[in-house]
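Q: I grabbed these lines from TrEMBL:
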DOMAIN    102-181  domain 'GST N-terminal'
DOMAIN    183-302  domain 'GST C-terminal'
TRANSMEM  5-23  transmembrane segment
TRANSMEM  29-52  transmembrane segment
TRANSMEM  59-81  transmembrane segment
TRANSMEM  93-111  transmembrane segment
Amino acid sequence: MCIYIYVYIYIYTYIYIYIYTYIYTHIYIYIHIYIHTCVYIYIYICVCIYMCIYIYVYVYIYVYICIYVCVYVDGCVYRYIFISVFSCNELTHVLYLLFPVGPYTITYFGVRGRCGAMRIMMADQGQEWKEILIDFADWTKGDLKASCVFGQLPKFEDGGLVLYQSNAILRHLGRNHDAYGKDGKEAALIDMMCDGVEDLRLKYVKMIYQEYDTGKDQYIKDLPNHLDKFEAVMAKNKTGFLVGNKPSFADYGLFEVLLNHLVLCSSCLDTSPSLKSFVEKMSARPKIKAFLSSDAYKKLPINGNGKQ
Ligand SMILES: N[C@@H](CCC(=O)N[C@@H](CS)C(=O)NCC(=O)O)C(=O)O
């Protein structure tokens, strides 16, 4: 009897403990999982909401303000910061897509003159610009002249930046459009060539404005002497450009001066094969070709006194 009771109690207790433990632990686990799932879902939703707000604030406010500042207020400063931080030529192309330059405005008289090279350069770079053409009668009133740093035009505006001096403007375009060499050494050589082009331009301008009737023939006779120097540099570089393997602002300057000389004397490049092929190649670049045949270009005389 005792054994019977003992076994009975043992089995009963065993079943009780088993069922109790089984039910209790399952309920406990279910509650636990339920609570944890709720907590995880809650955390997940919070993180999502936080991320959405963060991304929204970051993208729509921070980036929008950056782009606004870059494009409309003073794009140059931002570009220079990026370019000097990364100092990578390839990246500049991406940056110019992200942060377009300009808007550019040229204020000048209705001639090609000292704006010829920069217009060709901007056209070739696919850069649009606005022109403000000044009538000489308005210029003589003096207000605009008084506002110019050196009392002369052209005036060039890039967003909030105002520049005078045509070669400084070309250099600025060179920096903005990756046309200033691949490194410091190329940049120095490009500066040197730009100054060489300036010397030739000054001789040409002096002849056109001061000695056209008396000095034109002698100027044309002397021309091979001046062009030889450029011919030698062009022949030595072998890329078809003055420095490096793509056009720099000095190339646009030389190209424009040579176009003017071809009007003065159509055979002036006959003894300079490299310069001749340079002019042909530059003229055939699609954007330059389109610009040179546009009314905007053709309607402007080369020089202010009508001589060419
Ligand atoms: N070194 C200056 C020369 C500028 C210059 O000679 N500008 C002339 C027109 S091409 C001018 O403004 N002439 C009117 C004046 O001097 O009152 C440059 O390269 O921009």
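The backbone N, Cα and C atoms fix where each Cβ goes, and this holds for glycine too.
Neighbours and distances for these, please.
A: In this model, the domain 'GST N-terminal' (102-181) carries an average pLDDT of 97.
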Q: Report, as numbers and ranges, which residues of the same chain sit near the transmembrane segment (29-52): CB under 8 Å and 6 or more residues beyond its ends.
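A: That would be none at all.
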